[in-house]
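Worksheet: one structure, shown below.
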Amino acid sequence: MGFTDKQEALVRDSWEFMKQDIPQLSLRFFSLILEIAPVAKNMFSFLKDSDELPENNPKLRAHAVKVFKMTCESAIQLREKGEVVVGETTLKYLGSIHLQKRVADPHFEVVKEALLRTVKEATGNKWKDEMKEAWSEAYDQLASAIKAEMHAEAAA
(Lines of atoms letter the chains of each structure in order from A and count residues from 1; the text may use other names and numbers.)
(Lines give C-alpha, C1' and ligand atoms only; values in the text may rest on other atoms or scores of the structure.)
Protein backbone atom coordinates (compact mmCIF):
# COMPACT_ATOMS: atom_id res chain seq x y z
CA MET A 1 0.00 0.00 0.00
CA GLY A 2 2.88 2.41 0.68
CA PHE A 3 3.01 5.49 2.83
CA THR A 4 -0.24 7.46 2.53
CA ASP A 5 -0.84 11.20 2.58
CA LYS A 6 -2.49 10.83 5.97
CA GLN A 7 0.45 8.88 7.39
CA GLU A 8 2.84 11.51 6.10
CA ALA A 9 0.77 14.25 7.74
CA LEU A 10 0.73 12.38 11.06
CA VAL A 11 4.49 11.85 11.00
CA ARG A 12 5.23 15.39 9.80
CA ASP A 13 2.94 17.06 12.36
CA SER A 14 4.24 15.01 15.26
CA TRP A 15 7.85 15.58 14.16
CA GLU A 16 7.28 19.36 13.99
CA PHE A 17 5.95 19.18 17.54
CA MET A 18 8.82 16.97 18.78
CA LYS A 19 11.56 19.09 17.15
CA GLN A 20 11.10 21.57 19.99
CA ASP A 21 12.67 19.09 22.40
CA ILE A 22 15.10 16.99 20.35
CA PRO A 23 17.88 16.73 22.98
CA GLN A 24 15.56 15.46 25.71
CA LEU A 25 13.55 13.16 23.44
CA SER A 26 16.75 11.76 21.94
CA LEU A 27 18.02 10.85 25.40
CA ARG A 28 14.68 9.30 26.25
CA PHE A 29 14.81 7.29 23.00
CA PHE A 30 18.26 5.91 23.80
CA SER A 31 17.39 5.30 27.45
CA LEU A 32 14.43 3.21 26.28
CA ILE A 33 16.69 1.19 23.97
CA LEU A 34 18.94 0.40 26.93
CA GLU A 35 15.96 -0.30 29.19
CA ILE A 36 14.39 -2.71 26.69
CA ALA A 37 17.70 -4.41 25.83
CA PRO A 38 20.44 -3.69 28.40
CA VAL A 39 22.93 -5.81 26.43
CA ALA A 40 22.72 -3.23 23.63
CA LYS A 41 25.05 -1.11 25.77
CA ASN A 42 27.95 -3.28 24.59
CA MET A 43 27.29 -2.35 20.95
CA PHE A 44 28.32 1.25 21.54
CA SER A 45 32.00 2.03 22.13
CA PHE A 46 31.14 5.11 24.18
CA LEU A 47 28.93 3.04 26.54
CA LYS A 48 30.84 -0.24 26.91
CA ASP A 49 32.88 0.61 29.99
CA SER A 50 30.72 3.40 31.30
CA ASP A 51 28.28 3.42 34.17
CA GLU A 52 27.43 7.04 33.54
CA LEU A 53 23.81 8.03 33.26
CA PRO A 54 22.90 8.65 29.61
CA GLU A 55 22.26 12.34 30.19
CA ASN A 56 25.81 12.75 31.55
CA ASN A 57 27.50 11.12 28.57
CA PRO A 58 28.20 13.74 25.87
CA LYS A 59 29.05 11.13 23.20
CA LEU A 60 25.78 9.32 23.85
CA ARG A 61 23.85 12.58 23.75
CA ALA A 62 25.38 13.52 20.39
CA HIS A 63 24.79 10.04 18.96
CA ALA A 64 21.22 9.91 20.26
CA VAL A 65 20.36 13.25 18.65
CA LYS A 66 21.88 12.14 15.33
CA VAL A 67 20.01 8.80 15.29
CA PHE A 68 16.69 10.26 16.42
CA LYS A 69 16.82 13.14 13.90
CA MET A 70 17.84 10.88 11.01
CA THR A 71 15.07 8.41 11.81
CA CYS A 72 12.43 11.11 12.00
CA GLU A 73 13.64 13.08 8.99
CA SER A 74 13.87 9.99 6.80
CA ALA A 75 10.27 9.26 7.77
CA ILE A 76 9.28 12.69 6.45
CA GLN A 77 10.98 11.99 3.11
CA LEU A 78 9.19 8.68 2.67
CA ARG A 79 6.07 10.12 1.08
CA GLU A 80 7.91 12.69 -1.00
CA LYS A 81 10.30 10.19 -2.59
CA GLY A 82 8.37 6.94 -2.21
CA GLU A 83 11.32 5.49 -0.34
CA VAL A 84 13.64 6.35 2.48
CA VAL A 85 16.26 8.75 1.23
CA VAL A 86 19.49 8.82 3.14
CA GLY A 87 22.64 9.96 1.41
CA GLU A 88 24.38 7.08 -0.35
CA THR A 89 27.53 7.50 1.72
CA THR A 90 25.46 7.66 4.91
CA LEU A 91 23.56 4.53 3.95
CA LYS A 92 26.78 2.69 3.10
CA TYR A 93 28.23 3.77 6.43
CA LEU A 94 25.10 2.67 8.30
CA GLY A 95 25.14 -0.70 6.56
CA SER A 96 28.83 -1.13 7.31
CA ILE A 97 28.66 -0.17 10.98
CA HIS A 98 25.52 -2.23 11.60
CA LEU A 99 27.22 -5.21 9.94
CA GLN A 100 30.38 -4.73 12.04
CA LYS A 101 28.33 -4.57 15.23
CA ARG A 102 26.42 -7.70 14.16
CA VAL A 103 23.09 -5.93 14.35
CA ALA A 104 20.29 -8.44 13.72
CA ASP A 105 16.54 -8.19 13.16
CA PRO A 106 15.70 -8.29 16.90
CA HIS A 107 17.90 -5.22 17.42
CA PHE A 108 15.91 -3.29 14.84
CA GLU A 109 12.73 -4.27 16.67
CA VAL A 110 14.12 -2.91 19.96
CA VAL A 111 14.89 0.42 18.29
CA LYS A 112 11.42 0.48 16.73
CA GLU A 113 9.76 -0.13 20.09
CA ALA A 114 11.87 2.61 21.70
CA LEU A 115 11.01 5.02 18.87
CA LEU A 116 7.29 4.33 19.10
CA ARG A 117 7.31 4.71 22.89
CA THR A 118 9.24 7.98 22.61
CA VAL A 119 6.82 9.39 20.04
CA LYS A 120 3.86 8.22 22.13
CA GLU A 121 5.21 9.92 25.26
CA ALA A 122 6.05 13.09 23.34
CA THR A 123 2.69 13.42 21.62
CA GLY A 124 0.55 12.52 24.63
CA ASN A 125 -3.16 12.51 23.87
CA LYS A 126 -2.50 13.03 20.14
CA TRP A 127 -1.16 9.46 20.00
CA LYS A 128 -3.59 7.15 18.21
CA ASP A 129 -3.32 3.81 16.41
CA GLU A 130 -3.08 5.70 13.10
CA MET A 131 -0.02 7.59 14.31
CA LYS A 132 1.55 4.38 15.58
CA GLU A 133 0.99 2.75 12.17
CA ALA A 134 2.47 5.78 10.37
CA TRP A 135 5.64 5.82 12.48
CA SER A 136 5.90 2.03 12.27
CA GLU A 137 5.77 2.13 8.47
CA ALA A 138 8.31 4.94 8.32
CA TYR A 139 10.71 3.13 10.64
CA ASP A 140 10.27 -0.18 8.82
CA GLN A 141 11.23 1.52 5.55
CA LEU A 142 14.40 2.98 7.10
CA ALA A 143 15.31 -0.35 8.71
CA SER A 144 14.77 -2.11 5.36
CA ALA A 145 17.12 0.34 3.62
CA ILE A 146 19.83 -0.25 6.25
CA LYS A 147 19.35 -4.04 6.11
CA ALA A 148 19.58 -4.01 2.30
CA GLU A 149 22.89 -2.16 2.54
CA MET A 150 24.10 -4.63 5.19
CA HIS A 151 23.27 -7.55 2.88
CA ALA A 152 24.96 -5.83 -0.07
CA GLU A 153 28.13 -5.27 1.94
CA ALA A 154 28.12 -8.81 3.35
CA ALA A 155 27.81 -10.20 -0.20
CA ALA A 156 30.65 -8.02 -1.53
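Glycine is no exception: its Cβ is also placed from the backbone N, Cα and C atoms.
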Look up motif 'Homodimerization' in Swiss-Prot and report which of 35-39, 75-79, 150-154 it refers to.
35-39
Range annotated as motif 'Homodimerization' in Swiss-Prot, from 14-26, 92-104, 105-117:
105-117
When the domain 'Globin' (2-151) is classified with DSSP, how many of its residues are helical, how many are strand and how many are coil?
123 helix, 0 strand, 27 coil
Position of peak Cβ density within 10 Å, selected from the recorded positions K59, H63, K132:
H63
To the nearest Å, how far is the Cα of K132 (site 'Homodimerization') from the Cα of H63 (heme b binding site)?
24
